[in-house]
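Worksheet: one structure, shown below.
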Amino acid sequence: MALRVPGRAGPPQARRARRLLFAFTLSLSCTYLCYSLLRCCDGRGRGRLLRAPRGPRAAVPPAPPEPRPCAPPGPPPRAPAPRPAASSLSGSPKPGTKRLPQALIVGVKKGGTRAVLEFIRVHPDVRALGTEPHFFDRNYGRGLDWYRSLMPRTLESQITLEKTPSYFVTQEAPRRIFNMSRDTKLIVVVRNPVTRAISDYTQTLSKKPDIPTFEGLSFRNRTLGLVDVSWNAIRIGLYALHLEGWLRYFPRAQIHFVSGERLITDPAGEMGRVQDFLGIRRFLTDKHFYFNKTKGFPCLRRTEASLLPRCLGKSKGRAHVQIDPEVIDQLREFYRPHNIKFYETVGQDFRWE
Ligand SMILES: *[C@@H]1O[C@H](CO)[C@@H](O)[C@H](O)[C@H]1NC(C)=O
Ligand SMILES: *[C@@H]1O[C@H](CO)[C@@H](O)[C@H](O)[C@H]1NC(C)=O
Ligand SMILES: *[C@@H]1O[C@H](CO)[C@@H](O)[C@H](O)[C@H]1NC(C)=O
């Protein structure tokens, strides 16, 4: 602030001026507080009282309409109307600065990335973009300034985060991210590649009911056990292969792997490790989660700061299509050596066999 308040009381006039100034500042703060509260309420239960207004989610064009955790079923909510500039309300600029992300959730699709993002953004030291900007794959040509402009404002102490699961399988992504900052922390949520493929297929099927069967797409020749690795749903699961590209740029310790399976059975434990990796205090603990048996998925408990309990959207944790167990066995066999190589590289056994 431009106002210096001297340590000692000055002449009566100066004191009066200061009192006026104090009252004025107080009223500004109140205005801002009310404004923040209003923003929180229209943030669909994601209220974080006394925190800066959320970033301009609506400004991100290319993100797929993944449902937000407490979005009602049905069409995604329309983008909110542009907010009036804060300056017209309070005369002071909005707090915080837009920064390039210091951490990214880079993958994998259908691994549980949305859950990790929604869980970690409960942390007061994390601000995350709600949509997927696809900067390092589809939108790289728009430049870093464009990318930065999408980010939520953060205070010095806060980490900026975004997630785009397709980065993990994008060949150029490691180099581009390294070029942004070699210190970028990378988070990869992985899951049994067979389950992942089925989940991926289930999602595609829900949009395009006419696609061939899972078996038909998985094999080039099923009798010969020839798996079609050019099919994306299969290819994404070759984690060891994709990881190689990242390790050319980033040391192993700069990539954190979250187990998609343990995220469901022990969200607090898994999120504890994510917080340690990000170098932030363990704010998220057991008391933030409860298990919804109907959904078979952990949800965020209601707290003073968020008035509604939050579960992931309807499409999350949806029932998978039934696949012939023999096909599953064949794919499991196919992935086994890749999985083992992945465990060795990462130094962690995910127990997918
Ligand atoms: C690296 O980033 C800079 C901007 O920081 C940009 O000018 C340059 O083209 C980028 N190089 C590559 C190879 O992406
Ligand atoms: C699969 O391989 C078997 C054995 O070589 C062959 O007889 C069959 O025609 C092949 N099927 C397809 C669809 O290529
Ligand atoms: C659990 O999930 C079901 C299905 O999504 C939902 O209808 C129900 O409200 C949830 N219950 C709680 C306590 O969150």
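The backbone N, Cα and C atoms fix where each Cβ goes, and this holds for glycine too.
Unlike curated entries, TrEMBL annotations are predicted automatically.
Features as listed in TrEMBL:
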type: TRANSMEM; residues: 20-38; note: transmembrane segment
type: REGION; residues: 51-101; note: region 'Disordered'
type: COMPBIAS; residues: 59-83; note: compositional bias 'Pro residues'
type: COMPBIAS; residues: 84-93; note: compositional bias 'Low complexity'
type: DOMAIN; residues: 101-337; note: domain 'Sulfotransferase'
type: BINDING; residues: Lys110, Gly111, Gly112, Thr113, Arg114, Arg191, Ser199, Lys316, Gly317, Arg318, Ala319, His320; note: 3'-phosphoadenylyl sulfate binding site
type: ACT_SITE; residues: Lys110; note: active site, for sulfotransferase activity
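A map of TrEMBL features onto the structure.
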residue : record                                  : CB count, 10 Å
Lys110  : 3'-phosphoadenylyl sulfate binding site : 24
Gly112  : 3'-phosphoadenylyl sulfate binding site : 29
Arg114  : 3'-phosphoadenylyl sulfate binding site : 23
Ser199  : 3'-phosphoadenylyl sulfate binding site : 23
Ala319  : 3'-phosphoadenylyl sulfate binding site : 7
